[in-house]
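Here TrEMBL flags 72-310 as domain 'Peptidase M24'. The substrate binding site annotation in TrEMBL covers 138, 244. The divalent metal cation 1 binding site annotation in TrEMBL covers 155, 166, 304. What TrEMBL lists as divalent metal cation 2 binding site is 166, 237, 273, 304.
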């Protein structure tokens, strides 16, 4: 019996997509100075143990199942992380520096009684991660003004009353005059599929599912997107009373990895955060040993949610108002 050839609609559209042209700024470590004034956190706000090079108890070799009290604590932290990123997104525009964005994040953390989790985490000097264009991970806020069609990845994580919340979004910076600087459709393509990749992986999460399913779905989806690649070294993670707990969530399929054979159960909490690039998918550590950039200077996009496994599915703990619509700062350019 003859079988009909099935070609994904994504693949068909991708055949007509042009190869991106490099008309964006390539960001290099240390090229722009930042305000060296330290970010001060009031003494009354509790500090996470990791800033003292401590952990909250011994390292766990398996996934912790959270009880209702712990889940509510993580929810509270995630709600605050979501509020912060939603609020700060309203100020992101051409001309603002990532150092100013960091200042806004820091001030909101303090006003909500949170400690900004990145601050002093393994020598990270600021209160959030702002990775622009070819910077893939752990971008340090600096004095460079954002330009039209820059791709900004903003990662906000907080520590509140003993628990962590973690979320990230990607924004395409809109031009002041779109007749002179039209929207970058290649950037939209990248951002759109980075978001969909995360969302499809989340949709599969429920009790009884193997963790390798996350990587399989991410990998299969991005393979259909012409010119895009997964950054394999960018992993999700469990979280709760520590910022990074088991499992290490791979966004590519590797059934031989022990932790990926673990089965999802009610009460597990973890972050899914694939990084997608226009280039070859390879990254390297910058000279500062903190920031991570692509080896070919290609641009990246990333979206992250913290989720909890429930009795019949999952709960997105970091879902919020800006997550209800396409997350591009054209207020908001529609690409769904």
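Yeah, the Cβs are placed from backbone N, Cα and C, and that goes for glycine too.
Heads up, TrEMBL stuff is auto-annotated, nobody curated it.
Structure coloured by features recorded in TrEMBL.
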residue : record                               : contacts (Cβ under 8 Å, 6+ apart)
138     : substrate binding site               : 124, 129, 131, 290, 291, 292
155     : divalent metal cation 1 binding site : 118, 128, 129, 130, 131, 166, 167, 168, 302, 304
237     : divalent metal cation 2 binding site : 243, 244, 245, 246, 247, 248, 249, 270, 271
273     : divalent metal cation 2 binding site : 168, 198, 234, 236, 251, 302, 303, 304, 305
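According to its DSSP assignment, residue 155 (divalent metal cation 1 binding site) is in a strand. Counting other CB atoms no more than 10 Å from each candidate's CB, the binding-site residues 166, 304 peak at 166. Other C-beta atoms found within 10 angstroms of the C-beta of residue 244 (substrate binding site) number 16, with every protein chain shown included. Secondary structure at residue 237 (divalent metal cation 2 binding site), taken from DSSP and collapsed to helix, strand or coil, is strand. DSSP assigns residue 166 (divalent metal cation 1 binding site) to a strand in the three-state reduction. Highlighted in sequence order, 155, 157, 167, 168, 236, 239, 271, 272, 305, 306 have their Cβ within 8 Å of the centre of the Cβ atoms of 166, 237, 273, 304, the residues recorded for divalent metal cation 2, and are not part of that set.
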